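Report on the following structure.
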Amino acid sequence: MNAISTKQNLLELDREGLENFFADTLGEKRFRAHQVMKWIHHRYVTDFAEMTDLGKALRAKLEESAVIVVPKVQFEKPSADGTHKWLLGMDGGNAIETVFIPDKGRGTLCVSSQVGCALNCQFCSTATQGFNRNLSTAEIIGQVWVAARHLGNVPHHQRKLTNVVMMGMGEPLANFDNVVRAMSVMRDDLGFGLANKRVTLSTAGMVPMIDKLGEVSDVSLAVSLHAPNDELRSELVPLNKKYPIAELLESCVRYASRKKGTSITFEYTLMKGVNDQPQHAKQLARLMHKFDNAVQMKDAAKVNLIPFNPFPGTRFERSADEDIRAFQKTLQEARVLATVRRTRGDDIDAACGQLKGQVLDRTRRQAEFRKRLAEQGIGDAAA
Ligand code: SF4
């Protein structure tokens, strides 16, 4: 092991972990951890020498036993509509994408939780690359850190980043501990200070983990439903064979019932001729009514309709605009709250479902390009 690898990356720790590190490893007062959290997440400082309200001796101790390592930006790309995408390098040649989407009065960051995904949803480009590994807490919160620094975000004062959605690459509940710890920093006043409802975790429906999430966290929950009956959903989202719709909705009812006024968003990607027919909309409306009744709250279920974004090699197509409108109308006439997600960042492949598919390809292409430049004596192959 080299010297760096024995040091604690402070980005791995939430407030409690950092306090324990200060008390148990450094023999310091726990409140010192709060000062360091502010330096990291409010001022984006990663060099202990710049943390001027810490004594010299403490700074020296920190140099010896800790580091602050943030993900490396391999490249970034702004889009004409204000969307901004970062490709962040992970170890072993892996890369993940993080996307910022500004909208009226809010700025949402879409964050990844794994490199690849094992759940194999049929319409998802991440699924085509299989599962590689879980992201660490530092790699998850690091995505927020990189974006927030770029945006000039100042928690509590100049908020540019107002919402985080765990909807990027991977199934967040399959990387439970790291995701929960990272979400705790997102919501901590000493971290990014986001309200619970402004942090959303999106799951394909890992039923036992939804219950576990309800025990430790109070974030907003979104569920990738995509079909209104088990036969179709098991085809599109294979996890449904293990946790069918009825079980999934029961766990959602338990999650929503913990706190009065909690609603859950059901995501429904519309694919031409697959799940966008009038009978699907009617079945979906019945499911949503059932959910509202169980939670005993009107509009406890919100439906978010997502026009499918085709990617190379997919057998699915986007539904026609008139079919999307008709689907929404059927839900609305049945008094179900239904919105259509506006597609953003099309010109940089950052729209939902496109976030990840070409990452590996692109990383490989980029590496080959650098190699060719280096062979010609231009640039740096290791850059
Ligand atoms: S939709 Fe989500 S859960 Fe399903 S394969 Fe893609 S990343 Fe995984």
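Every residue gets a Cβ built from N, Cα and C, even glycine.
Among the features that TrEMBL reports, active site, proton acceptor is placed at E97. Look at TrEMBL and you will find 103-347 tagged as domain 'Radical SAM core'. Per TrEMBL, the feature [4Fe-4S] cluster binding site maps to C117, C121, C124. As annotated by TrEMBL, S-adenosyl-L-methionine binding site applies to G170, E171, S202, S224, L225, H226, N309. Annotation comment: TrEMBL describes C352 as active site, S-methylcysteine intermediate.
Feature map: TrEMBL annotations on the structure.
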residue: C117; record: [4Fe-4S] cluster binding site; contacts (Cβ under 8 Å, 6+ apart): C124, T126, A127, G130, F131, M169, G170, E171
residue: C121; record: [4Fe-4S] cluster binding site; contacts (Cβ under 8 Å, 6+ apart): A127, A204, S224, H226, L236, V237, P238, L239
residue: S202; record: S-adenosyl-L-methionine binding site; contacts (Cβ under 8 Å, 6+ apart): V165, M166, M167, P172, L221, A222, V223, S224, E267
residue: L225; record: S-adenosyl-L-methionine binding site; contacts (Cβ under 8 Å, 6+ apart): G205, R233, I245, F266, E267, Y268, L284
## Note on the structure
For E97 (active site, proton acceptor) and N309 (S-adenosyl-L-methionine binding site), the CA-to-CA distance in whole Å is 17
### Summary
Densest Cβ environment (other Cβ within 10 Å) across the binding-site residues S224, N309 belongs to S224
### Query
Going through the recorded positions E97, C121, S202, L225, H226 in sequence order, which have a CB under 6 Å from an atom of ligand 1?
C121
### Cβ-centroid neighbourhood (8 Å) of the [4Fe-4S] cluster site, C117, C121, C124 excluded
L119, N120, F123, S125, T126, A127, E171, A204
### Query
In DSSP terms, helix, strand or coil for C121 ([4Fe-4S] cluster binding site)?
coil
### Task
Ten-angstrom check, please: count other Cβ atoms within 10 Å of the Cβ of G170 (S-adenosyl-L-methionine binding site), all chains counted.
28
### Summary
Confidence over the domain 'Radical SAM core' (103-347), expressed as mean pLDDT on the 0 to 100 scale, is 94
